[in-house]
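Data first, discussion second: the structure below is written as structure tokens.
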Amino acid sequence: MVLALLGWIDQPRKFRVDPAITAELDQIRLMPNGIGGAPPEIDFALGQPYENDSYNLSQGKRLYTWFGCSSCHGDGRGAAGPSFLDGWWLYGPEMVSIVASIRDGRPHGMPAFQNRMTIEQIWQLAGYVQTIGAYRAKVSAPSRNDAKHTRPSENRAPAAIIFDEGPVGVDPEQGPNP
Amino acid sequence: MGLFAVCLSGCNGTQSALDVHGASAIHLKHLMLLVIWVCALVWLTVMVVLAYALLRKRRVAAEVNAGADNRATVIVSAAVGATALIIAGLTVASFYTTRLIDGDGDAAMTIAVKGEQWWWRVTYMRDGTPDFETANEIHIPVGRTVLLQLESADVVHSFWVPSLAGKQDLVPGRTNTLALRAETPGVYRGQCAEFCGIQHSHMAMSVIADDAVSFERWLADQSAESLKPAEPEATAGQAVFLGKPCAACHRVRGTPSAGTTGPDLTHVGSRDTIGAGLMERTRGSLAAWIADPQTIKPGNNMPMVPLTSDELRAVSAYMESLK
Amino acid sequence: MADGAPRKDLRDTALDSAELDRHLTSIWHTRGGLWAAVSTVDHKIIGRRYIITAFVFLFMGGVLSLLMRLQLSQPEARFIGPDRYNQIFTMHGTNMMFLFAVPVMEAMAVYLVPLMVGTRNIAFPRLNAFSYWMFLAGGILLWVAFAIDTGPDVGWFAYVPLAGPQYGTGKRADIWAQMITFTEISALCVAVELVVTIFKQRAPGMSLDRIPLFVWSMLVTSFLVILAMPAIMIASSSLILDRLVGTHFFNPAEGGDVLLWQHLFWFFGHPEVYIIFLPAVGMASTIVATFTGRPVFGYLAMVMALISTGVLAFGLWVHHMFVAGLPRLGESFFTASSMAIAVPAGLQIFCWLATLWMGRPVFKTPLLFVVGFIITFVVGGMTGVMVASVPFDTQVHDTYFVVAHFHYVLIGGAVFPLLGAIYYWFPKITGRMMSETLGRWVFALIFAGFHLTFFPMHILGLAGMPRRVYTYQPELPWSGLNMMVSLSALVLASGFLLFAIDIFRSARNGPAAGSNPWGAATLEWATASPPRCYNFRRMPVVYSGEPLWTEDELQVASGLRVDRRELLVTAVVAATPQARESSVPHSIWPLWAAVATSIVLIWSIFTPWAVVWGSIPVAVALTGWFWPKGAPEEES
Amino acid sequence: MRERVVLDLSDVTSHASGSASPTWWGTLAFMLIEGTGFALAIVIYLYLMSLAPKWPIATPVPSLTAGTLMTIVLVASLAPNMLVTGWAKKQDLPKVRFGLVVMSLLGIVPLIIRVFEFPAVHVSWDRNAYGSIVWLMLGLHTPHILTDLIETLVLTCLMFTRHADNARRYGDVADNAMYWNFVVATWLPIYACIYWVPRL
């Protein structure tokens, strides 16, 4: 049992993903309204590494800083862009939706990142974004950064701790309906 | 030990603490040789005594007698005293060398070096403000003291160019300094000496000591913006560079690219190596690196960007053109 | 106690030897069967277990080092990837320091110290059982994690921020930190047992100046453990807190400090070296005395050297941080203190040389290892003086020079005497001799293999090769020496393999040893080989530091009860009898306590609430441990 | 080896008490371990303080009430504790029983006060390094109160059973009382550090 538990918390780290696989990761099918959809088969075949693997999640966290996500989304509580912590997922909390939002952009200001990031990076980032807002912390969620403390780190389920603050920072123009 | 000393004198290399060309490294080598010789001598003495103690012929009845014990007490006390004296002498020599190294006061220029996983961000300062940025290759004027301001962007690294000076850690949240002074022109290799994660092994850098004229020329070249690509292939490469994820992390001054996550590529074509001292910079190695960085340096932060072979050729031509 | 339970308060005074043996066996004996085996509190059984387990970890760590040498034998080799390599070298260091070197020294002491001071069991025997289970659990945790690719990959000193919350992703660093907790608990427990055994359970007459040197060295070592290990407990706990609940001990952006970790770690880490080395010094002294047929020259000087080394050990930690950018003045102080420790070390060497000089050396395998130790350790001491100098250190710190240095100190300075000690005490532990012929081969292979492997590393370091690199580029001039080192490592490994073969062969078929095969002087040789479960039929009394050399007969005391486990408590300084104290009987509760504690520690890698809920079973187990069950030993 | 009896121990006592007993030394050794831990925590506190431009970092100094009350209660508890030690030495079972009940109660009170100490420092452990070290110090000390309380409770129960009237048990009671002195003694420097050093 201990073996199973430990096996689950950390898979061998894969640094190089085969180009054929990354091409598959691009094949997401979205519902016509852009909310939700079917993730590519390959994600399941790999064991959903972008949601569960600590290495990918922490890479996602680095990408969050490197690609300036915080300039609109702050530490996850939103600013010009929506919050990830308040329980409102404008396009649903599924990986496909988040990947699509990052890759293709969304109305009211979310830019498309498909020419700035590789699809693998987008999946890593999406996994991290989903983790920030999770109400129960994943075992593989990242811990705090060596930086100024603004909110509890992802492995402590900040959404559950500071949910009382309610939806904050949503641009009024954006509204709850996309 | 003797063998050791012989090996030392024959020890030369591009990255050796004994093939010295920098002011402090020269002082350090003197100290090291002194200490090594003294220690070798002490070791040899102890070994001779040990060998004799073990193998000497003994009289038939060698009883434990008081006379022998008293003699031994005197000899052991003398040996301890000698040890203390030698130790004190070496301590003084060590302090003296520290003073010699710290003595180099006023620096001609300051360069900020930031250790990042797994490369070196180098910022040349002019009058206290950043002038331009480059990576992994630090040009310095020969015969002049240059002060390196060492900081870390992530974990602890250590800056070590053994031919020029001892190492100094780059500690997050702190700024350390290291004075470098090369006495002869040349290329001196160094690499990160504090374990810093998966690609610690491939975090090299080189310090290039130029004579005054070529250093000034280099400085002028580097602070200029990048050249407009002349050949059509390079022009196409620039378009790929700007249109693909490359530009999100890398900057080429003189173009809209403004990424600061990865190394500044404005004059990448003028560098000797790529990938933090990993490979000699050629068009082929540039293409190989861009095509599959995770095979060449697994775990580094450069993603594998899907490019067609034409795009790859064009981008590498563009990189090569950034002299 | 089927064969006629002894009547209450029966004394050994009137009994003849055979009858006394029967009575003592019936109360001290560990019965067969798994349940009895895991309930035992016999220091010899636990000590043997400890030694075997530690040697198993040694061999596993050795396999890791061969894997590293395979990868480094050629430039840019691709046998092992960087991620796995980082785990391997971290595992190698962690395993060797925390699961082999410290435990094996304490294990030898758990077995030998009660025999050498002439008592029947270690003080707090149940704590002893508990400490073994904790050690085992910590080792299993680490190796299981490694087996499933979750082994720590941050180096054995786990510098933050690399091991911290931001860069040490996954649970790898937590497993490292929690494994520390396991082994520290076990080491601290053993240290307490040893201190109390040595203070309070020495044979009557064994005043401070008659304590065998090995026992002295274990006393100093135990104090080092007691004073040094809390630092690493605090450090690893703060690391886990930083990672799990977001404290800021090591976060410079919120008032923490990266170098705080290094200070805390090395405040433990430097004494750690002496925790490993001092017992080896004691072993060397014991072997030198026996095989020269005279007491070690300068007993008082040797003891003083041990104590001053122990004290100085706490004043050196900054020499691991000479390139971290600390103020120069402070560094200079640490240069002086680091150099100063060469004086007591030198004193010990000179005393051994004088002993060898004045005695008549008999070249059996144990003495060969001690001679090899002196040759090698002096080199390690010399390179130690080199790295103690701040300017010298800036060139060799974190290079293969340092790798060579500490292997000279730890293998040359500790493992050589340890192997000598195994050859020396094996007859006592098993009742059989090891092979002298094979022993010489083992020594030759290990000695030659060691120097061929590690000496070139000095040169590699000076030639600029940093440690902890998983590969190096072909244009660097290191490949020749690296190939040589890798090949030599095979010679070294074959020596250890032969040693293992000798152990297995001798344990089965070795010639019978008799109680004192080497004609040694200390008390452990006054009893049968292997010793009976009660160690000594009657409590020995000593009148000199070498009781077996100065007296023809064993002087003993009588008057102890034989209807319960009784031993003698004596005064700390003069070792005059104070009480006939009882020693606790076997118990399964230490195992349950260890299981409960292991659950808390592993669980708390995942959630802080583990500490709250997991403490309940621990409290239950400890209560069960201490609650009297009506045994005669529990009454006064 | 032949044996020769040179010493008769029949009249030596069958239980060593006080500093003659191994348990006493074992308790002392564990106190040394834990004392080193506390000392290191204080060193960390002072080290972090020396690095910070302002101390406490971005928070008001801790409120004194709870901590001072804690100190008073702990110091006051030393008196009954000494009495218990004396009674245990005299092997006076009824008084020892009474004393242990009192000490159990006196072990619970500090735990209740401790609950109010955490908010009184006005900082959470994850706010900054100051908060972390203060919580660490309180967090190191609390389990000591708790373990000694549990030990006292177990001993109290034990002293009401048939195992009670025995020199060994009285020795345990005395060692437990000594440990409580240690718990109080370690609190004083921690109290000074947490509550008064920031006011300097």
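A Cβ is built for glycine as well, from the same backbone N, Cα and C atoms used for every other residue.
In TrEMBL, annotation is done automatically, which means it is predicted and not curated.
Model, not experiment: these values are computed from the prediction.
Features of the protein shown, as given by TrEMBL:
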DOMAIN    C:29-543  domain 'Cytochrome oxidase subunit I profile'
TRANSMEM  C:50-68  transmembrane segment
TRANSMEM  C:96-117  transmembrane segment
TRANSMEM  C:129-148  transmembrane segment
TRANSMEM  C:175-199  transmembrane segment
TRANSMEM  C:211-235  transmembrane segment
TRANSMEM  C:273-292  transmembrane segment
TRANSMEM  C:299-320  transmembrane segment
TRANSMEM  C:332-355  transmembrane segment
TRANSMEM  C:367-388  transmembrane segment
TRANSMEM  C:400-426  transmembrane segment
TRANSMEM  C:438-460  transmembrane segment
TRANSMEM  C:480-501  transmembrane segment
>> With pairs fewer than 6 apart in sequence excluded, do the transmembrane segment (C:480-501) and the transmembrane segment (C:50-68) have three or more C-beta pairs that lie under 8 Å?
In response: yes
>> Between the transmembrane segment (C:273-292) and the transmembrane segment (C:332-355), are there three or more CB pairs that fall under 8 A, provided the residues in each pair are separated by 6 or more in sequence?
In response: yes
>> Looking only at the recorded stretches C:96-117, C:175-199, C:438-460, C:480-501, which one has the largest tally of CB-CB distances under 8 Å to the transmembrane segment (C:273-292)?
In response: C:96-117
> Is the transmembrane segment (C:211-235) packed against any residues at least 6 beyond its ends, judged by a Cβ distance under 8 Å, and which are they?
Replying inline: 102, 105-106, 109, 112-113, 116-117, 180-181, 184, 187-188, 190-192, 194-195, 198, 202, 261, 264-265, 267-269, 271-272, 274-275, 278-279, 281-283, 285-286, 289, 296, 299, 302-303, 306-307, 309-310, 313-314, 522-523, 545
>> Counting CB pairs under 8 Å, which listed stretch among C:96-117, C:175-199, C:299-320 touches the transmembrane segment (C:129-148) the most?
In response: C:175-199
> Between the stretches C:96-117, C:299-320, C:400-426, which wins on the count of C-beta pairs under 8 angstroms to the transmembrane segment (C:175-199)?
Replying inline: C:96-117
> the transmembrane segment (C:367-388) vs the transmembrane segment (C:438-460): three or more C-beta pairs under 8 Å (separation of 6 or more)?
Replying inline: yes
> Which whole-number mean pLDDT does the model give the domain 'Cytochrome oxidase subunit I profile' (C:29-543)?
Replying inline: 95
> Which of C:96-117, C:299-320, C:480-501 has the most Cβ pairs closer than 8 Å to the transmembrane segment (C:400-426)?
Replying inline: C:96-117
>> Cβ under 8 Å, sequence separation of at least 6 from the ends of the transmembrane segment (C:96-117): give me the contacting residues as numbers and ranges.
In response: 43-44, 46-48, 50-51, 53-55, 57-58, 61, 128, 135, 138-139, 142, 156, 179-180, 183, 186-187, 190-191, 193-194, 197-198, 201-203, 206, 211-212, 214-215, 218, 221, 225, 272, 275-276, 279-280, 283, 410, 414, 418, 421, 425, 428-429, 522-524, 527, 531, 535
